[in-house]
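Report on one structure; see the data block that follows.
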Amino acid sequence: LPICPSGSVNCQVSLGELFDRAVKLSHYIHFLSSEMFNEFDERYAQGRGFITKAVNGCHNASLTTPEDKEQAQQIHHEDLLNLVLGVLRSWNDPLLHLVTEVQRIKEAPDTILWKAVEIEEQNKRLLEGMEKIVGRVQPGDTGNEVYSRWSGLPSLQLADEDSRLFAFYNLLHCGRRDSHKIDNYLKLLKCRLIHDSNC
């Protein structure tokens, strides 16, 4: 989210504009995550029974996230903002390694690689934008809460192809799930903070 031209002084973008950009970006990331997961699923996961093994296996499962809009509405906006930061930060390492490791998958299509690179870049932009938003809403607080560390790199490098493909499948499955949650939380936060919940 390049908010102001470089070198500009006293450049101030409204909180509403920051949220508009964040919501658009999160929607785009979720779209890419879904496309990449579906493409991987069709190409590599058919008939392997991955979906039955993938339930609740995400690296950031320790971050308690509301499951639906009703639950999210019960959470104070400051806590929800910090939760969004925590989830976004928990994806820094996995996305970085996904870009590298996906190139080693046999006959990996360029479209999957391109989406991995794009999601990694856009996640960084969204995180920067969210840090700006948090700085405005909660001055002095950049949400430095503990977030889930990722230790899944060895599983993306396993010699056994089935196990390795399942590790990719699971990571992409979690990415799609989390990007959907972030998208929903940001829409809710925008409604609450910008439109005084009149949405």
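Placed from the backbone N, Cα and C atoms, the Cβ positions cover glycine too.
Annotated in Swiss-Prot:
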DISULFID  Cys4-Cys11  disulfide bond
DISULFID  Cys58-Cys174  disulfide bond
CARBOHYD  Asn60  N-linked glycosylation site
DISULFID  Cys191-Cys199  disulfide bond
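With all protein chains in the displayed structure included, the most crowded Cβ environment within 10 Å among the disulfide-bonded residues Cys174, Cys199 is that of Cys174.
Mapped onto three states, the DSSP output places Cys199 (disulfide bond) in coil. The residue listed as 'N-linked glycosylation site' is surrounded by 18 other CB atoms, counting those within 10 A of its CB over all protein chains shown. Cys58 (disulfide bond) carries neither a helix nor a strand DSSP state and counts as coil.
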